[in-house]
Amino acid sequence: MEPILKGRNLVKRYGKVTALDHCDFDLYPGEILAVIGDNGAGKSTLIKAVSGAVVPDEGTVTLEGKEVRFSSPIEARDAGIETVYQTLAMSPALSITDNMFMGRELRMPGVMGKWFRKLDKPAMEKFAREKLSELGLMTIQNINQAVETLSGGQRQGVAVARAAAFGSKVIILDEPTAALGVKESRKVLELIQDVKSRGIPIILISHNMPHVFEVADRIHVHRLGKRLCVIDPKDYTMSDAVAFMTGAKEAPEAA
Amino acid sequence: MASDRTNDNYESALSGASTDVASFEYHKKGFVGRLHDLLHTNPALVPLIVLVAAIIIFGIALGSKFFSPFALTLILQQVQIVGVLAAAQSLIILTAGIDLSVGAMAVISSVIMGQFTFRYGLPAPMAVAAGLAIGTAIGALNGWLVSRVKLPPFIVTLGMWQIVLAANYLFSRNETIRAQDIEANAPFLHFMGYKFQIGGATFTLGVLVMILLVLLLAYVLRNTAWGRHVYAVGDDPEAAQLAGVDVHKTLMSVYMLVGFICALAGWVMIGRFGSVSPSASTGMMGNIQSITAVVIGGISLFGGRGSILGAFFGALIVGVFELGLRMAGADPQWTFLLIGALIIAAVSVDQWIRKVSA
């Protein structure tokens, strides 16, 4: 089977620091691929390189067999790759609805939308409320409250809901459960399974081993700027995975 | 025991979790708390309250001399230039920038409108169009330097202010075009000064343009995607970029629109002053006056917060103070002193409002 999203020989240097060192990357259709690695291993840079936030110095990224060169996240998004960044990429002073539809706002039908470019706020609010309810984010009382008035977990929930609502080919989640409570974490994991059942593959970056082992089909272990190995969570234990990524144990041959 | 505890499937307890949207008993926050909420959602309220209070106080103190349709619309006429410039300045400040060149852009545009008519013999409407186009072009240059070259807006517009003002003197050879000549040969340049009466109130087209411009921008900022993008870019440009906003395009459009609006202010200037002079005070003072109106209007200098209506109220507050104190026979320095106090008070209120969140 051909990978839906493929990175080959990716290199990214920041001055004298090498973040990606001839790194390969494969995401197959319909799978959940977890990416794990120590802090500073280059996970985030790898994700940015395939999602358009960073342009790699060398190497190629291929989406559905066609080579792509994203020079911005907008291009990646237009190609169907939706990302939840660790920083969440939300505007604190704007409302939940504004944030969910940032860059893809809905306009009113008819003259008001066409000539006065008026936003269809009722439709956007309804959609946003639905998506949050699907995620079980019931503690959000007012869909028009500013994002800065939400708790950290609620903000994360809104960001995940946004990606899940709009991602069509690949969804990338960078530490999606890091700030969430038990219930919200569970909902996010369920959501991940749900998105997978719709046939959309997911890249999950996480330090939470129980979560990784629960949902991932394959685990990409990142170490020192490259792919160390890819393991099947059914064949290895969590301690094995941690040992590989920290260098405590020799990695298995071949991916 | 220990293993029992570690194997505890704590997530199973979720099966009985509530599925309703959270709601709480109405909690009395007290006057301060409610005021805080209100201001957080409607930042233009503070200047509106100050404006109404100022009009009432001067109305009581000065009686019908101040509180008449004539005097109140005189204020509108006196603030029309600053009002239009403040609308432009608001857009820039909402993107977390600042524009020191607004007044200079207005003056050079008015000079171009005048000189193109009188020196090059262009029909007045074409000269006005040229002035508007050149204003937009200067704005585009500002925008390009800020967005592409990534220079701080303060520095870019500080430089542009001097460049444009100097170019304005060089191009006009420091000549003033007299009002009588404009009246006789190119009355279209005076279009914005056209006066009409409603009851005892006197309006000019310039005043009308100012009000319509503010209402239009208020609508656009609140109800269109572009407006939301302006706020998002001012709030956190990196987040906006990652969320899918074309930050460069948004900034360019804002700076170009501001150039256009400043040129419009140049046209209003001709109507208001009658003559076209390269040494009009707007060139030196327009930037400070517009920033003052914006700050008193409660727009945050950190970007992303505030309403353009607030800036309009801010401009009116300054106008009310100027006229009211002059009618009361006070030393004009009192005006500046009070405006200064108001600026500091407005920024303190902004800080208080921003504390809401987290």
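Residue numbers in this text run from 1 along the chain shown.
Note: Cβ is positioned from N, Cα and C throughout, glycine not excepted.
In TrEMBL, annotation is done automatically, which means it is predicted and not curated.
The structure displayed is predicted, hence computed values, not measured ones.
Annotated features in TrEMBL:
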- B:44-63: transmembrane segment (TRANSMEM)
- B:70-94: transmembrane segment (TRANSMEM)
- B:125-145: transmembrane segment (TRANSMEM)
- B:151-171: transmembrane segment (TRANSMEM)
- B:198-221: transmembrane segment (TRANSMEM)
- B:252-270: transmembrane segment (TRANSMEM)
- B:291-321: transmembrane segment (TRANSMEM)
- B:333-353: transmembrane segment (TRANSMEM)
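Between the transmembrane segment (B:44-63) and the transmembrane segment (B:198-221), fewer than three CB pairs separated by 6 or more residues in sequence fall under 8 Å, so the two stretches do not touch.
By the count of Cβ pairs under 8 Å, the stretch nearest in packing to the transmembrane segment (B:333-353) among B:125-145, B:151-171, B:198-221, B:252-270, B:291-321 is B:291-321. The transmembrane segment (B:252-270) and the transmembrane segment (B:291-321) are not in contact, since fewer than 3 Cβ pairs between them lie under 8 Å (pairs 6 or more apart in sequence).
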